[in-house]
Amino acid sequence: MTGLFQLVSSYSPSGDQPTAVQKLVTNFHAGIAKQVLLGVTGSGKTYTIANVVEQIQKPTLVMAPNKTLAAQLYGEFKAFFPHNAVEYFVSYYDYYQPEAYVPASDTFIEKDSSINEYIEQMRLAATKALLSRSDVLVVATVSAIYGLGAPEDYLSLRLILSLGEHIEQRQLIRHLTELQYTRNELDLVRGSFRVRGEVVDVFPAESEMEALRIELFDGEIESLSLFDPLTGQTVRKLQRYSVYPKTHYATTRERTLSAVDTIKDELKEYLELLYGRNKLVEAQRLAQRTQFDLEMMAEVGYCNGIENYSRHLTGKAPGEPPPTLFDYLPPDALLVIDESHVTIPQIGAMFKGDRSRKETLVEFGFRLPSALDNRPLRFEEWEVRSPRSIYVSATPGSYEFRESAGEVIELLVRPTGLIDPEIEIRPVATQVDDLISQINVCIKLGDRVLVTTLTKRMAENLTEYLSEQGIRIRYLHSEIDTVERVEIIRDLRLGKFDVLVGINLLREGLDMPEVSLVAILDADKEGFLRSTSSLIQTIGRAARSVRGRAILYADKVTRSMRAAIDETERRRQKQKEYNAENGIVPKSVVRPISDILEGARDGVEVKSKGKGRRVDEVPADYCALNQAEIAAQMKVLEQQMYQHARDLEFEDAARIRDQIQRLREAGLG
């Protein structure tokens, strides 16, 4: 089924938004390849893009710099387009250790990974939607530039079923097996099928809640229907249905056997090269490992690390780029690069890191040279494959400005009337004492403070010193994982502490209305953390509060500081003019803390993908439980925690993790 994008929202574009939407849409239809949407924090960039998508009515790919921001965007677009296909495409690895070889210590590290089945299902749903409908918006990370199966193979393998079609049951089962579906009569799970008389039930790999029931009679499809695999209740009847492969890497038996032959040819050629260089150990190692893989592929059609032979399986020439998610996009699609100042450099860096590791594996006989072609796209290859694009950022980089050739659409006015923070410059010599006095002023007002330093050591020392002065303070550093990071931000908003110190506080998720002061220590030390874009991004962290201020501690005004101050002042003036013209009185953004922490109340109802589960708080009196009861309670909570993590509900996962820790402590006590 395909339809039109229908934006659902309780408000309409205001401020700079109507003009921005009109310009972006007009330029898109005029064939302009690259545009920049320069939007300040809180100006409604996501809502603006949603309006553009509704007006141009083209399949859209939104790229974000990390999984956390991608999850936030996915949730927002899902709310804007509830009747359309909004999909999520990120790396499906919860944990990934690529295979590697360290020549200095003669250490080979085997590939080790843990795949998140829920995200794998969402990836499959994304590619199916791109191939089968036009009203599709996919939110992705740089995972989109990594190799996938070829779309033509993916399409040619699909099983198209129609009511009244003649198909023998054996033929149907054989086709499902070619799609890598497994037969399971006991438990119908994703990617499996079962046979009961003349009824074949299939749980599509990309489906979250519904399975397919195929009822045959005398070699003819008598009925097609979707049903709930848990209750067996029919959801709706169908006239037609397409079953897509269980994995993006599925291929035909003929293609696999053909690949085996070409791999043998490459092996023979490379072994001769190794023997010629007198690399006997490497040659023996390569022959043994590759021969084992070839036997597995010939017998079962698959082997561990089969992605290293993807060039042979797709029939590509040496050095040719692999098929990626961009090959699934139609030519007239729209590409949106969110936080482009971060995402663009990421895309350029992916290829080089992957290449250096694999070159070592090839050199020492762990892989054939064709493994080098299992790679992400080079930056220039990505540019060629990119459709018409919009770069979205508060601080676009030089690449975006150059590529857009002056097509920069500004989104500087916030509908809330909030003005960019006031900026003050104060001397470095007294920065710590002055900071303490400023923190105390904010605490009296019930506000929070963000402090950014240049090094980890400075952050640790400052945190320790301020803590000794009686200030409730926490330190955010790179070793903290996503869930714990969200928990720290939540605790700051809840007032469990007042000051958050970090090195690079530019990352998403730090837009908190409670923060009225951002302090930047050593602001005059030029470098990555004190560049113009970094300063603007950091200053913007206080842009959600009506009392927002930024203090730059510096003894001189650098070029980056001057540019950041001038740009912020320009934005302040434009917002003031808009407020005066429209009679708007700025008010701080009111964002309920329950939005961040559903678990602040007992017995919270959790919206988990329509499953309607209820997650209850654990009893406070843990000491009343015996060891067996504590162990049982911990097991139940762990299952709930992992489910929340799979559903991208990191705040709830963090809350339950805390409960498990308290239970563990009670058990030890």
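Positions of Cβ are set from backbone N, Cα and C atoms, glycine also.
Taken verbatim from Swiss-Prot:
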type    : residues                                               : note
BINDING : GLY39, VAL40, THR41, GLY42, SER43, GLY44, LYS45, THR46 : ATP binding site
DOMAIN  : 26-414                                                 : domain 'Helicase ATP-binding'
DOMAIN  : 435-597                                                : domain 'Helicase C-terminal'
DOMAIN  : 631-666                                                : domain 'UVR'
MOTIF   : 92-115                                                 : motif 'Beta-hairpin'
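Those same-chain residues not listed among GLY39, VAL40, THR41, GLY42, SER43, GLY44, LYS45, THR46 yet with C-beta within 8 angstroms of the centroid of the ATP site C-beta atoms are THR48, ALA394, LEU411, ARG414. Residues of the domain 'UVR' (631-666) grouped by DSSP class, helix first, strand second and coil last, total 33 helix, 0 strand, 3 coil. Residue counts for the motif 'Beta-hairpin' (92-115) under DSSP (helix as H, G, I; strand as E, B; rest coil) come to 0 helix, 15 strand, 9 coil. In three-state terms derived from DSSP, LYS45 (ATP binding site) belongs to a helical segment. Secondary structure at GLY39 (ATP binding site), taken from DSSP and collapsed to helix, strand or coil, is strand. Set side by side, the binding-site residues SER43, THR46 differ in how many other CB atoms lie within 10 angstroms of their CB, and the most is found at SER43.
Summed and averaged per residue, pLDDT over the domain 'UVR' (631-666) gives 78. Long-range C-beta contacts of GLY44 (ATP binding site), restricted to its own chain and to partners at least six residues apart, with a cutoff below 8 Å, comprise PRO13, GLY15, GLN17, LEU411, ARG414, PRO415.
Neighbour density for GLY39 (ATP binding site): within 10 A of its CB lie 25 other CB atoms from the protein chains shown.
Least crowded of the binding-site residues (VAL40, THR41, LYS45), judged by neighbouring Cβ atoms within 10 Å of its own Cβ: THR41.
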